[in-house]
Amino acid sequence: MSRLEDYLSVYFITDSEFGRTHEELAEMALRAGVRAIQFREKKLSTKRMYEIGKRLRALTRDYDALFFVNDRIDVALAVDADGVHIGQDDMPAFAAREIFPGYIGVSAGNVEEAKKDERFADYLGVGPVFPTKTKEDAGEAIGIEGLRRIVESVSVPVVAIGSINKQNAIEVLKTGVAGIAVISAIAAADDPERAARELVELVRRFKSGL
């Protein structure tokens, strides 16, 4: 298993819509053992994104975790993020590869998209596996079988996303994904740190064959 895959087991995407700040949520997840944090924010100014990004970068370093910025390669470069995550409507993966030196994750919702971008990507974010309300432009759910087809068609690590929680995570992990990406399973929980710890332990036990 590569170093990157080790970090991707539970991948938390921060969301401030649930009453806590990006920084508060990230630190709770990091304390629980999450080792990949993505900062996704579509509504703030570039200046505010930079300020929050710098704080998240410092936090993730404290916990030896990887830090990704969604879409904004400029912010990722400015805060020295480990990686950037881009969608199908963002900068093309091949162009991002020319200007960004770190990890690049690319969203894919079908085999065609996955195969098109895998040679430029360090990992693929695949989904939504289940119907989701957290991302307005997420598209139709691909289901477990859709996820499995994509995992089997590419050679880079796949991180599954889309309404994944501790009730359905094992079913998702059985497809061979490197990890699961979550938002509301942690951010919307009454106790985000506990929710994150339960997910981390669940994935650890699955990967250990327990």
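Here, residue 1 is simply the first one shown, and the rest follow in order.
Placed from the backbone N, Cα and C atoms, the Cβ positions cover glycine too.
Keep in mind that this is a model prediction, so the values were computed, not measured.
Record features, source Swiss-Prot:
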BINDING   GLN38, PHE39, ARG40, GLU41, LYS42, ASN70, SER107, LYS135  4-amino-2-methyl-5-(diphosphooxymethyl)pyrimidine binding site
BINDING   ASP71, ASP90  Mg(2+) binding site
Per DSSP, three-state class assigned to SER107 (4-amino-2-methyl-5-(diphosphooxymethyl)pyrimidine binding site): strand
Neighbouring C-beta atoms (10 Å sphere around the C-beta of LYS42 (4-amino-2-methyl-5-(diphosphooxymethyl)pyrimidine binding site)): 10
Inter-residue C-alpha distance, GLU41 (4-amino-2-methyl-5-(diphosphooxymethyl)pyrimidine binding site) and ASP71 (Mg(2+) binding site) (nearest angstrom): 9
Cβ contacts of ASP71 (Mg(2+) binding site) (under 8 Å, same chain, 6 or more positions away): ARG40, VAL84, HIS85, ILE86, GLY87, ASP90
Assigned conformation of ASN70 (4-amino-2-methyl-5-(diphosphooxymethyl)pyrimidine binding site) - DSSP reduced to three states: strand
Fewest other Cβ within 10 angstroms of its own Cβ, chosen from the binding-site residues ASN70, SER107: ASN70
